[in-house]
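S.K.: Sharing a structure below in structure tokens format, with a few things to ask.
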Amino acid sequence: MTQNPGKFIVIEGLEGAGKSSAITLVHDFIEKHTGMAPVCTREPGGTPLAEKIRDLVKNAEPGDPLCDEAECLLFYAARAQLVANVIKPSLASGRWVLGDRHNLSSIAYQGGGRGLMSLVKTISDATLGGFKPDLTLYLDIDPLLGLERAARRGALDRIEQQEIDFFHRARATFLAQARDDSSIVVIDASKPLNEVHKDILACLSTAL
């Protein structure tokens, strides 16, 4: 008997949008829906190599700032490893995969935020070849509100410390991508948490 492939669901959003609580909610929904907990991934990260890259991009060496192009390439190196060694094998075995960020983050942050859209498209095509999530939930929030929330969690990492205009550009790119791709659903993350979660569950029930 041929194994039915699993589905790949991704949670996206700016810093402070509430991804962590959304991931817990979606995890429980998938487990109830399928009878099995999903394979959970994060980007960058999710494999031994990708976790080392995560540390590099989040905590650059003092005196050796990470240039935008190197940052972009590192994200895609981590993603390629994760897709090849974890995501695709899990889906092929029938497991569902729940991702904390995926390619849309690079499109928004490196493409929109850094102005490297041409490079992002080239590397994305080369490393992913059209592979994409079945459903992406983008938690939309004003960058100022999101960063205020993130700051309350503790010290901000290198990317969270970017100038505010960077996040405005990233947000605009997230929203533009959602307008052009029906598999990306925008969730208003500025609402009270219980309302955000109701919207997420309604979306999952409709889409899946």
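We count from 1, first residue shown onward.
Yeah, the Cβs are placed from backbone N, Cα and C, and that goes for glycine too.
The annotation ATP binding site is assigned in Swiss-Prot to G13, L14, E15, G16, A17, G18, K19, S20.
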S.K.: What's the number of neighbouring CB atoms sitting within 10 A of the CB on G16 (ATP binding site)?
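M.R.: Around the Cβ of G16 (ATP binding site), 23 other Cβ atoms lie within 10 Å.
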S.K.: Give me the count of other Cβ atoms within 10 A of the Cβ belonging to A17 (ATP binding site).
M.R.: 27
S.K.: Specify all same-chain residues, apart from the site residues G13, L14, E15, G16, A17, G18, K19, S20, whose Cβ lies within 8 angstroms of the center of the Cβ atoms of the ATP site, ordered by sequence.
M.R.: L139, I141, G146, R149, A150, A189
S.K.: Within 10 Å of the Cβ of G18 (ATP binding site), how many other Cβ atoms can you find? Include all protein chains, please.
M.R.: 22
S.K.: Under 8 Å Cβ-Cβ from G13 (ATP binding site), six or more apart in the same chain: what's there?
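M.R.: Same-chain residues close to G13 (ATP binding site) (Cβ under 8 Å, separated by 6 or more) are K19, A22, Y138, L139, D140, I141, G146, F174, A189.
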